[in-house]
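**Q** What follows is a single structure, and I will ask about it in a moment.
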Amino acid sequence: MGGVYSEYLSSSKVREHYNYTKENPDTKDTPSRQVASALIILLCCAIVVENLLVLIAVARNSKFHSAMYLFLGNLAASDLLAGVAFIANTLLSGSVTLGLTPVQWFAREGSAFITLSASVFSLLAIAIERHVAIAKVKLYGSDKSCRMLLLIAASWLISLVLGGLPILGWNCLGHLEACSTVLPLYAKPYVLCVVTIFSVILSAIVALYIRIYCVVRSSQADVAAPQTLALLKTVTIVLGVFIFCWLPAFSILLLDYACPVRACPMLYQAHYFFAFATLNSLLNPVIYTWRSRDLRREVLRPLQCWRQAAGVQGRRDRTPGHHLLPLRSSSSLEKGMHMPTSPTFLEGNTMV
């Protein structure tokens, strides 16, 4: 056992696996690759900012403390962490890759798998919540909030276990013939297992939404209220975008399992498929804010406040001698005395 885990710190193992699974491991930092990496990092920074604004909006407004919005907040948290994980993945790719130890490599790739798992389980929790709301099932009971938090915690725990299986031992160190081409230190059975689990969960979610729509079409007007239908459409769009963005990546991983080593050159372009999948984390906050006027107003409030404050400060800076304006004394205010003041200064006080 000690001999197996001692390989985790070997600086030559990653190079060995890449040389075996890839005809010509291209890890040089060419100008085009550097530009692509910079664009990906900018994209991921936008993902982090967007989802952070959604989390702040959900946390500070009690209107969004219902089960539906808490699960959407959990999805936003997984998307935010996905952006962070993809930034780390990009910075540790290219010429850095072959210098990593297996532990570092597993941490780099495992973080992406963990956030992906959290997103899938969040979608499952949202589907269950919508079914509960539509079917009027008393699932949560009196300790509703506690049960929701436990469900969210369980989804993250399962995601951590699922993403951490390779570093716990389910990998192909010492078994090169069992290695994935796309992820050269992952065992092909593990990749197939993860894709199968995600596919089964997503299929179950689709079936659950079909059932929900059938219930809505055959129910009374109170169940098919406009607000209920709007929320249902929103989460359905979120699910559809997730499948659209991740289906190519899942397909390339299934092809990876089926292809012998170096038999499918398309697998060497897998990074394009995963970059496309990352767009899902960018689009989700756009969907939330586009579909919900209240959430859109709450998400944009910090940006509006910052812009207004910057505008006021800019007008003050452009006003000659604004810093020399006399301040009103308390006695002058009490006596109702009026002093000539700058409109810009008054506007600034109004904003404060």
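Just so it is clear, glycine is given a Cβ too, placed from its N, Cα and C backbone atoms.
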**Q** Pick from C172, C193: which one does TrEMBL say forms the disulfide with C179?
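**A** TrEMBL lists the disulfide between C179 and C172.
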**Q** Same chain only, please: residues at least 6 beyond the ends of the transmembrane segment (189-210) with a C-beta under 8 Å from a C-beta of the stretch. Say none if there are none.
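**A** Beyond its ends, the transmembrane segment (189-210) has Cβ neighbours at 113, 116-117, 120-121, 123-124, 127-128, 130-131, 162, 165-166, 170-171, 178, 180, 182-183, 232, 235-236, 239, 242-243, 250, 253-254, 256-257.
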**Q** Can you tell me which parts of the same chain pack against the transmembrane segment (70-92), counting only residues 6+ beyond its ends and a CB-CB cutoff under 8 A?
**A** 37, 40-41, 44-48, 51-52, 54-55, 58-59, 64, 100, 104, 108-109, 111-112, 114-116, 118-119, 122-123, 125-126, 129, 148, 152, 155, 238, 278, 280-281, 284-285, 288
**Q** Please average pLDDT over the domain 'G-protein coupled receptors family 1 profile' (50-288) for the predicted structure.
**A** 87
**Q** Go through the chain and flag residues at least 6 beyond the ends of the transmembrane segment (230-250) whose CB is under 8 A from any CB in it; none is fine as an answer.
**A** 68, 75, 116, 119, 123, 126-127, 130, 134, 195, 198-199, 202, 205-206, 209, 212-213, 216, 270, 273-274, 276-280, 283-284, 287-288, 291-292
**Q** Excluding near sequence neighbours, so keeping only residues 6 or more apart in the same chain, what lies with its CB under 8 A of C259 (disulfide bond)?
**A** T181, L267
